[in-house]
Amino acid sequence: MYRTHLKEILPLSDVHHLHVFAGAVVSVEVIWHSFWHFARWASGGDARFLVDTQTGVTGVIALLVTPLICYPMMFHRARRAISFEYRKAMHYLAVVWGVCVMLHAPATNVLWVMGSAVGLYVADWAVGYFLKVRYCPTMTMIRLGPKAVEIVFENPRGFLPNLSGGGYVYLCLPWIGSFQWHAFSVYEHPTLKNHSSVCVLKAGDWTTALHAALTKPSNKPGWVYGPFPSPFLTASNHENIIAVASGIGITPTLGTVVSLGGTRRVNVVWTCRDAELIEYALRTVAFSKEAFTVIYYTGEHELLLDEGPFRENHNLLVIAGRPNLEKIILEIMRSVETKKPLSVHTLEAANQMYVKTFTRDGGERLEVLLKRIRLSYSASELFELARAASLEAEIEARDAEAEARSSSLDHPASLQAAAPRPRLRTTSATISGLIQQCIVGITLRGLDKFIRDAQRGAGLGRPGHGGVDVRSYGTTLKMVFEQHDANSSGELDESQFARVLSTLSSSGEADVEASRERGGGGHRAPVYRRALVRAAASLESILTAKYEGPNFENFQARSFSSRRSPHDPVRAILYCGGAATVVRMLRAMRKTTGVDVQIESFEW
Ligand SMILES: Cc1cc2nc3c(=O)[nH]c(=O)nc-3n(C[C@H](O)[C@H](O)[C@H](O)COP(=O)(O)OP(=O)(O)OC[C@H]3O[C@@H](n4cnc5c(N)ncnc54)[C@H](O)[C@@H]3O)c2cc1C
């Protein structure tokens, strides 16, 4: 329905909120109605009607199931105490409740009134189940560190991912549980055409099982149901918005940035303690250059980022520590309206983090990369991954050797130069089989390929931009390999491989210090310097001015397709995350600043 004109009349972007509100009203109404029935029958000496009549029996059943349907979903304590599966199972008692209400008063038209509601519900369920649940034969999944998973799938036929700003799907992965459906925000994959992406954070049994099953990057089947609209869809009503997120609550914002970042100013304020989520978001989504993206990193691990996006987008800031959310939101609102930079304080904090993140040399980056991989996979999983890399690397090496030999025999050098041959895969199935049998451990080539693959997986292809400088680490790698290959077999077994990884990911501790003392590239020009200079000039106005709401005088109504004016005020704040204090603060800001505030919650 969200794709129809009905969305102008009905609040379809937040149907869950509507559902919760209606549930609360009905639960109160049922108790109120029953109380007066009881009171009337009891005072008239007709209490037996409760069990003797159709009205009494259906009423008692409806009254008894109402708290089971509503309270576990309504109250925070109950939500914490009862698992989602049980709460959901109890919620389905709503069908019993609906039938009871239909039959509650035979002398009236309630059968038809309630019957149409139940009929609509069943019809909606049937249409959804039979027409909107789609099979994806291949979902590509990979672990993002120890807590998260990225899933990418080609849009199945009839799946319309773009809800212009946000939306979520239900996923069912039959190899985890054939009847479990879980909700995840969905967004178009920014680089793969006709593909969608979701990012899953470990929260309970299902998400943990998913993470555990991915002992290596995998392609597995799944079912997708949706997409459904979320409150973030209202973003398309505004030219200037601020999307605020905490933790995994960033996923609806990613959808908004992907679908609206080119036509709206989508400013982002995100607090996150998971390094992998920040790394994932920054390599997956191109945050808008015309909007501020301020990421507060509250985690412990060092970030492994590509410097490219920061060089291209000076409004992309990562800051270590917790934000004063209200202050940064007001700062962004003011900067957007006045076209002035953010405060010196904010820019300096971003600058510090920038210098810290991007002044590591190749060896230090290698260390961080390996530390991160060791957090994502267990020792035996890593051994299997490296063994697969070794087999591939050895087969490739044999191919290259065979090809070089055959080219030099078949063709004189002058001819080869004139007509370069396409590279052929020369290894026969028998030779591949032999190599597989011969190689039981990790070879030096395999170790090298394993690290390069890890680097590519982390989106760190370019040395000097956050990537590992492969030329500089080759010698170290060989040295450490030989040091641990005790019997000089040319292969490492599982424990030797574990020791190599441990050496490579910690040996540089002293080097890190040394490199810092040497300067470690610390004299590189910080990206935000220019903005800092400009900010200093307007420091007074930004830090001391009292915020008095959006400057609507400067706002000129214009069509969304026209160019944005820097003076358009921020009209909406969207929040997704589980922090009740943030929700309260934003609701208060709605009153003080007059902006529209929309909240999305994953806690159902
Ligand atoms: C609209 C929406 C969008 C979401 N988007 C994302 C996202 O992009 N990334 C992400 O990591 N998580 C997202 N979530 C949360 C995600 O659905 C849950 O973390 C996941 O279902 C947990 O399942 P579990 O069995 O591992 O944990 P459980 O311990 O069973 O559940 C933990 C909590 O997750 C919620 N939840 C559990 N099962 C479901 C379900 N079937 N449907 C809805 N909520 C459920 C409940 O609030 C529950 O208390 C979203 C939730 C909603 C409602």
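Using N, Cα and C of the backbone, Cβ positions are placed for all residues, glycine too.
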Given ranges 20-39, 120-139, the stretch to which TrEMBL attaches the annotation transmembrane segment:
20-39
Which range is it, out of 59-77, 572-590, that shows up in TrEMBL as transmembrane segment?
59-77
Listed range which TrEMBL flags as region 'Disordered', given the options 150-170, 213-233, 360-380, 402-422:
402-422
What mean pLDDT does the predicted model reach across the domain 'EF-hand' (472-507)?
86
DSSP helix/strand/coil residue counts for the domain 'EF-hand' (472-507):
26 helix, 1 strand, 9 coil
Quick test of the contact rule: Cβ under 8 Å, at least six residues beyond the ends. What residues does that give for the transmembrane segment (59-77)?
20, 23-24, 26-27, 30-31, 34, 37, 50-51, 86-87, 90-91, 93-94, 96-97, 100-101, 104, 604
